[in-house]
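Heads up: the structure comes next, in structure tokens.
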Amino acid sequence: RNINKVKVVNSRQDNRRPSIYSTMDAMPHLEFYANATATGRIRRCRPSLETLRKSEIESEENGPGGKTAQPVRFGWITGVMIRCMLNIWGVILFLRLSWITSQAGILLTWLIILMSVLVTSITALSVSAISTNGRVSSGGAYFMISRTLGPELGGPIGVVFSFANALACALNTVGFAETVRDLLIYDSQIVDSINDVRIIGSITVTVLLLISLAGMEWESKTQILFFLVLMVSFVNYFVGTLIPATPQKQSIGVFGYHSEIFLENLFPDWRGADGDFFRMFAIFFPSAIGILAGANISGDLKEPEIAIPRGTLMAIFWTTVSYLAISSTVGDCVRTCVLRDASGSMNDSLPLNFSEPCEGLSCGLGWNFTECQQSGTCAFGLSNNFQVLIQVSGFGPLIYAGIFAATLSSALAFLVSAPKVFQCLCKDNIYPFIGFFAKGYGKNNEPLRAYLLCYIIAMCFILIAELNVIAPLISNFFLCSYALINFSCFHASITNSPGWRPSFRYFSPWTGLFGAVISVVLMFLLTWWAALIAFGLIIFLFGYVVYKKPEVNWGSSVQASTYNMALSYSVSLAGVEDHVKNYRPQCLVLTGPPTLRPALVDFVGSFTKNVSLMICGDILMDDEKSVSQRNSNDMIKWLNQRKVRSFYTSFKASDLREGARHLLQASGLGKLKPNILVMGFKLNWHESSSKGIEDYINTIYDAFDSNHGVCVLRMMDGLDIRDELETEGMLCSSVFNQAFEVDEAIESDDQISDTDSDVDNTKNKANDQIKTVFQSKQGKKTIDVYWISDDGGLTLLVPYLLTRRKRWRRSKVRVFIIGEQQTMENDRKEMMTLLQRFRLDVHDVIVVTDSERPPLAKNMRRFEETLAPFRLNEGQLDERTVQQQRTEFTWKVTDKEMDALRPKSEKKVRLNEIIRRNSKYAALVLVSLPVAQADCPSSLYMSWLDTLSYGIHCPVLLIRGNQQNVMTFYCQ
């Protein structure tokens with residue numbers, strides 16, 4: 001029968017309904033949005049755009065599924081409401097409510113109850129909103145907080161909440177053990193009062209562990225049994241309040257309804273070290289913490305998004321009614337008919353005509369408890385005995401049964417909740433060394449290993465054997481969880497994310513904020529040192545997650561808030577006029593695939609990180625298909641792993657020039673637009689086609705024409721490492737890009753130490769392991785700046801930004817300027833004054849006075865030989881052929897152009913000689929990039945760039961601003 005059902009489901013999947021637009025298109029369907037990992041089956045996918053445009057959809061073949069064991073799922077009554085009610089009706093109700101009343105009085109006790117219900121009700125509203133904003137998986141409170149606020153806050157609260165549930169298991173087990181011990185006191189003790197609690201508690205939690213290991217089905221049946229016992233004990237209690245008190249009950253302080261006792265018990269009577277309001281609240285509050293019992297097993301519910309809000313709110317309603325009813329009867333009976341002090345001796349009854357001295361309210365009721373009150377030896381009464389409810393009830397053993405049911409059911413629920421939450425945390429792999437506990441067993445994926453861990457933690461706290469010591473610790477941890485749940489709801493609401501669409505409407509972001517604030521305030525008012533421990537633990541765990549940055553994406557409200565802030569700031573920034581003081585070098589870097597030019601990426605990232613915008617531009621000229629989204633994500637991950645703060649954008653174009661021109665115009669947003677074009681030097685330009693050289697040089701010209709600065713980085717062995725990656729078998733064909741022709745492979749620098757690298761080598765693979773010179777500390781080497789032409793100050797700003805980085809901090813900046821021998825000292829002083837006004841820390845200014853000397857013949861000869869293939873040899877051709885070639889080959893250099901521009905060429909050769917002479921040991925050389933006139937042939941300009949940077953062993957940056965000031969020495 002089950003197999004037939006599966007066949008019907010599969011046939012429905014195969015017969016998808018087509019759209020009216022096309023037989024290949026599909027109608028909207030729920031399974032297109034389902035998460036495969038959550039449903040545990042193969043996810044159906046709608047056809048992609050590429051499929052709709054180019055091909056037909058192939059029919060899906062889904063074979064009939066076999067019969068599999070179905071996990072046990074619970075509805076909102078048995079799975080949430082009953083479970084929450086059992087958790088709320090805990091040990092505090094039976095063993096501490098009467099004692100709290102004796103200390104705080106009726107009025108303050110009601111205030112304590114209402115404050116607790118207020119916090120839990122607001123939290124329940126927030127839980128209902130979060131749980132109805134999408135399908136909830138296993139993990140309870142941790143799952144909701146982490147998927148709403150992200151792993152940074154979800155991870156810490158998952159640890160704290162799991163620990164708090166283990167503590168709550170210990171609390172209720174100790175409450176059960178105390179009751180059993182008190183029963184044994186009348187007959188026999190095992191050892192003594194403290195050790196008896198330890199022994200009984202250890203045996204009890206072991207039995208509960210065995211029930212939990214038997215599976216959720218057995219655990220649920222046990223909880224229903226406990227619920228029925230509790231109902232019987234409540235009826236027994238209410239009946240007992242109506243039965244007239246016998247003399248035996250009167251001797252222990254239980255009387256009929258009397259207004260005198262009621263009025264006396266209205267006000268507090270603080271006694272002992274625990275006698276203050278917030279201490280009483282801290283002890284009582286754990287009786288209200290069970291509201292998340294149903295949410296904690298969200299993975300075992302049939303419809304969590306319906307069951308959690310309905311069951312949780314109903315549980316709070318009925319338990320609040322029960323608390324008010326019990327407190328009212330306690331006010332009308334227990335508090336009215338039970339004195340704060342009683343001796344329990346029948347000999348203290350007074351005859352009708354007594355003449356003995358008697359003090360207190362008991363005298364008017366026929367009993368004289370003056371002696372035990374004055375000596376402090378009263379063993380009974382609200383202030384001295386925790387078993388008052390048993391004494392008031394109609395049949396005491398039934399109250400014991402109720403205590404056993406309340407304590408054991410709560411302990412069992414917490415023992416189940418803690419491992420479930422911790423298992424979800426372990427599966428997310430946020431923290432190290434806990435993945436061992438993520439493994440599940442059986443059809444319900446039971447976390448048996450986590451059960452054992454929770455058992456050990458609970459056992460450790462059971463050995464404390466003091467209920468009043470454990471309760472305040474639990475209060476702080478649960479209040480911390482409630483604070484984050486409420487803040488999650490508030491934060492998700494105010495971010496205005498379209499993804500925040502909870503079907504539960506009865507909540508407000510401001511009630512969530514109020515719940516978060518009041519929870520934090522109560523934490524410190526209850527037990528300040530426990531609050532500090534809880535926050536210290538959360539801050540430590542939060543810092544670890546922020547540092548490690550786990551690779552998860554849950555669509556959290558933090559991401560939505562980040563988007564909102566970025567959008568708001570970008571829009572507001574667009575209306576602000578540019579100011580030279582706020583200038584930042586915003587770079588469009590033509591890297592191609594960034595993985596193939598890591599040195600170019602590392603260099604630009606060195607002076608833009610945390611300072612300005614960096615965009616890695618990838619121009620695609622592959623006609624087959626564009627780069628996929630997956631590859632784009634791979635590039636971004638590579639940049640993040642390399643700790644380079646950069647965007648990545650790809651653009652499909654027919655050639656380099658077209659792609660760069662469009663990227664310069666379209667990249668960025670508002671004021672966050674590139675103002676500098678950064679390129680790698682075309683090292684193989686001699687072998688390139690004329691079209692390739694034209695595109696490369698015209699790209700520089702286009703940048704100048706669009707008022708952008710230009711930087712060209714050259715390294716001795718080139719920037720492109722494709723050859724090296726191919727040699728090592730690391731290169732994937734998907735990263736090949738024809739926009740950049742292959743340069744000579746860069747040699748890896750074996751001298752770079754791992755400690756100097758920004759790259760996390762444990763995550764990187766293949767080409768991620770390529771190191772560059774810009775990842776190593778530069779020591780005391782120099783940064784030589786040849787400021788040949790004033791470009792507005794960009795040539796000086798870049799080295800200044802570099803020296804702010806840790807690797808370049810010890811490097812010394814030297815500025816070289818062109819001058820004459822006669823005015824050398826004045827030129828130097830003038831430049832030093834300018835640099836000081838700019839507040840730039842420059843080590844030295846050197847005036848070059850021999851720039852007018854002619855270059856060496858061998859160097860000039862090399863220049864001419866380099867340019868020879870691009871010359872138009874007019875002397876060997878007739879006039880007609882010359883005119884034809886001038887028209888067809890505009891990139892070739894004519895004799896006339898060569899003669900006219902020879903002085904400029906000689907100066908470039910001479911400047912290269914000066915650079916090689918003075919910067920042998922520099923870490924970086926920056927040279928002003930010459931700006932060619934519009935009629936300068938591209939091959940000649942290319943040869944100038946080659947000549948300027950030829951033979952220099954360190955990286956060379958040819959740099960030119962847009963001739964507008966980027967630095968100022970004025971305040972406004």
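Each Cβ is built from the backbone N, Cα and C atoms, and glycine gets one as well.
The feature domain 'Amino acid permease N-terminal' is assigned by TrEMBL to 21-52. Looking only at the domain 'Amino acid permease N-terminal' (21-52), the predicted model's pLDDT averages out at 57.
The feature domain 'Amino acid permease/ SLC12A' is assigned by TrEMBL to 79-588.
TrEMBL lists 597-755 (among others) with the feature domain 'SLC12A transporter C-terminal'.
Per TrEMBL, domain 'SLC12A transporter C-terminal' is recorded for 760-971 (among others).
According to TrEMBL, the feature transmembrane segment maps to 74-95 (among others). Residues 171-172, 174-176, 178-179, 216, 220, 223-224, 226-227, 230, 283-284, 286-295, 297, 300-303, 306-308, 310-312, 314-316, 318-319, 322-323, 326, 386-387, 389, 399, 402-403, 405-407, 409-410, 413-414, 467, 471 of the same chain lie 6 or more positions beyond the ends of the transmembrane segment (74-95) yet place their CB under 8 Å from a CB of it.
The transmembrane segment annotation in TrEMBL covers 107-132 (among others). Within the chain, the transmembrane segment (107-132) has long-range Cβ neighbours (under 8 A, six or more residues past its boundaries) at 97, 100-101, 141, 144, 148, 266-268, 277, 280-281, 284-285, 287-289, 291-292, 295, 298, 304-306, 308-309, 312-313, 316, 320, 323-324, 327, 479, 482, 485-486, 488-490, 492-493, 502-504, 506-507, 511-512, 514-515, 518-519, 522.
Listed as Cβ neighbours of the transmembrane segment (153-177) (distance under 8 Å, sequence separation of 6 or more from its ends, same chain) are residues 90-92, 94-95, 139-142, 145-147, 196-198, 200-201, 204-205, 208, 286, 289, 296, 403-404, 406-408, 410-411, 414-415, 417-419, 421-422, 424-425, 428, 430-431, 454, 457-462, 464-467, 470-471, 473-474, 477-478, 480-481, 484, 488, 534, 537-539, 541-542, 545. TrEMBL lists 153-177 (among others) with the feature transmembrane segment.
Residues or ranges marked as transmembrane segment in TrEMBL: 197-215 (among others). Outside the transmembrane segment (197-215) by six or more residues, the chain places 72, 169-170, 173-174, 176-178, 180-181, 190-191, 222, 408, 411-412, 415-416, 419, 442, 444, 446, 448, 451-452, 455, 458-459, 462-463, 465 with a CB less than 8 A from a CB of the stretch.
According to TrEMBL, the feature transmembrane segment maps to 224-245 (among others).
Residues or ranges marked as transmembrane segment in TrEMBL: 277-295 (among others).
If you look up TrEMBL, you'll see 307-326 (among others) marked as transmembrane segment.
The transmembrane segment annotation in TrEMBL covers 398-418 (among others).
The transmembrane segment annotation in TrEMBL covers 448-467 (among others). Residues 91, 95-96, 162-163, 165-167, 169-171, 173-175, 177-178, 194-195, 197-198, 201-202, 205-206, 209, 212-213, 415, 418-420, 422-423, 426, 436-437, 439-441 of the same chain lie 6 or more positions beyond the ends of the transmembrane segment (448-467) yet place their CB under 8 Å from a CB of it.
Cβ atoms under 8 Å from those of the transmembrane segment (504-522) belong to residues 115, 118-119, 122-123, 125-126, 128-129, 131-132, 281, 285, 309, 479-480, 482-484, 486-490, 493-494 of the same chain, restricted to positions at least 6 beyond its ends. If you look up TrEMBL, you'll see 504-522 (among others) marked as transmembrane segment.
The transmembrane segment annotation in TrEMBL covers 528-547 (among others). Beyond its flanks by at least six residues, the transmembrane segment (528-547) meets 151-153, 155-157, 159-160, 430-431, 472-473, 475-477, 480 of its own chain at Cβ-Cβ distances under 8 Å.
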Stretch contact, the transmembrane segment (307-326) with the transmembrane segment (398-418), Cβ-Cβ under 8 Å, 3+ pairs: no
Long-range environment of the transmembrane segment (277-295) - Cβ separation under 8 angstroms, sequence gap at least 6: 76, 79-81, 83-93, 96-97, 100, 103-104, 108-109, 112-113, 115-117, 119-120, 123-124, 127, 131, 136, 140-141, 144, 168, 171, 268, 301, 304, 307-308, 311-312, 315-316, 410, 413-414, 417, 468, 471-472, 474-475, 478-479, 481, 522, 525-527
